């Protein structure tokens, strides 16, 4: 695809200098080489190539072109191709900006500013081409029925100059995009280096551990088992000693708690007996007094009842 496109561009550049009635010398060979050098097949470059191919057709100034120039079809086609080119260019720029994330902010801002300037120049020159064609269409319409040979020659000259400017703009844009891409590659390499620096100590530690395990694997199995048994025995003895010490501490604490509880129970019993004796000393006089009063009241009631039941003397005797 790239070879076919390069061949198409060479053919286009070779025919861009043709006039309608008089032959014109072809473009210099260095300019052809310049275009084929930067043409790398990126989507935005392919879109720009389609724009140039359409411009080459316009530069022939054939009868069909002249008829379509009197309408708005040519400018509409150029507008579509311009929009397509700028859209692909923005997409490619966004892709490179994502790859530039590891690069320093200052560097990324500078590269982005330079690329935007080159992109703006390319867009302005493409707009200039369309403006020239619109101007030519207006002049042709104003000169209907008159000779337009001089006007066509002037338009052809303007279009050749604009094509050279577009070629320079595209070359500059391609170079800046290459710088952009190189910056993205450099940032990615720095990110990989940083990861390598962080992982280096971990890899070294793993290597040391592997060497230690390898040296242990070289010992006889019986010696390693004996060493592990001794370490396990020492560990078990240490745990047993700590457990016994802890049990002794718990026993002492339980004995202390029991003694405190017995002491508190005895104190509570003594306090209850004292309180009971105090209550008894308070209420016994009251009870005895109430008993005496009750006995006196009972005697009075009995005396009153006996007096009311005595026989009354009769007056009939």
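Cβ coordinates are placed from backbone N, Cα and C, and glycine is handled just like the others.
According to Swiss-Prot, the O-linked glycosylation site annotation covers 212.
Among the features that Swiss-Prot reports, methionine sulfoxide is placed at 143, with the record citing similarity to another entry.
Summarising the annotation, Swiss-Prot assigns phosphoserine to 147.
For 80-255, the entry in Swiss-Prot reads region '8 X 22 AA approximate tandem repeats'.
Mapped onto DSSP helix, strand and coil, the region 'Specificity for association with VLDL' (278-290) counts 13 helix, 0 strand, 0 coil. Taken from Swiss-Prot, the feature region 'Specificity for association with VLDL' covers 278-290.
Over the repeat '1' (80-101) the predicted model carries a mean pLDDT of 77. The repeat '1' annotation in Swiss-Prot covers 80-101.
What Swiss-Prot lists as repeat '3' is 124-145.
The repeat '4' feature in Swiss-Prot is assigned to 146-167.
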